[in-house]
């Protein structure tokens, strides 16, 4: 084995020379230089500084403007809540541990950090799935006369939390476990060992199939059908001007959604899958650290893509920030008209 396994950790460094120490008790400076740990801390500080205000602003603006409290926006707000979970439950902890060079909060703290980070990420992922299904049902109309209402939105929210907990909670109760990963300053699911005592292999397979591949398939399917439907409507010259404009907006949103999702999560999932399927292979701590920390940028991408591109929300946000005035001069009528014009195909 090219790593060192302990009772509740796996360090990707051979202990042939006897230098490996528990990541819960000693700085891990034999894995990387101290300045590299400082860089991780600076990176986490940047994510906190950017991620907290933009996600908090999303919630605040929605509370201030009643017209934003629509069923579809409930799902979008769920993304902001998920990102705040990641910021407070994961990023702040990782910032502190990176400054110390090891996971100073012990196994219990590792469980909590891993749980909140996983929970936030999964809430966001399943929120995107619900959003994709809603767009598919509204635009493609597989069910005639369907209207996405408040009850559907609430059911969608409950679904995202159930699925997120179904992924994040099992390691806390004995099915798999959370351990420090990479440079040992943040915690995640144990992809490194089979650990039969906690049935780790079955959980990782379950997690990849149910909580990664299936959501990815649903997102691709729904938005693929959505683009096809819009193109077909445009080709038939149905409401030509409106449809042509909607086609551009939907295509742009689909491309950004898919690319952002893949950029954020495929590197992490790919490395995790490689580590899991190549038990005992030789890899360094940076190999998992970079994709794990890069995936955390989703807390910034989500509000920018799914909230900031909403014309009505953007107008309300500017009005809130400018103490009730909109220096851009977008009046209520034009905003409402724009929303109505593309309500069937563009983000609400």
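Cβ coordinates come from backbone N, Cα and C, glycine included.
What Swiss-Prot records as N-linked glycosylation site, among 15, 200, is residue 15. Checked against Swiss-Prot, the domain name for residue 103 differs from that for residue 325, so they face opposite sides of the membrane. Swiss-Prot lists transmembrane segment for one of the ranges 153-173, 174-194, namely 153-173. Through the fold, the transmembrane segment (253-274) approaches residues 125, 128, 189, 191, 208, 212, 216, 219-220, 223, 226-227, 281, 287-288, 290-292, 294-295, 297-298, 301, 305-306, 309, 346-347 of its own chain, all at least 6 residues removed from its boundaries and within a Cβ separation under 8 Å. When the recorded positions 15, 110, 187, 201 are screened for a C-alpha within 10 angstroms of the C-alpha of residue 2 (N-linked glycosylation site), the residues that qualify, in sequence order, are 15. Around residue 110 (disulfide bond), the C-beta neighbours below 8 angstroms that are at least 6 residues distant in the chain are 8, 24, 103, 178, 179, 180, 187. Cα-Cα distance from residue 279 (Zn(2+) binding site) to residue 15 (N-linked glycosylation site): 17 Å (rounded to the nearest whole number). For the pair residue 15 (N-linked glycosylation site) and residue 201 (Zn(2+) binding site), the C-alpha distance works out to 24 angstrom.
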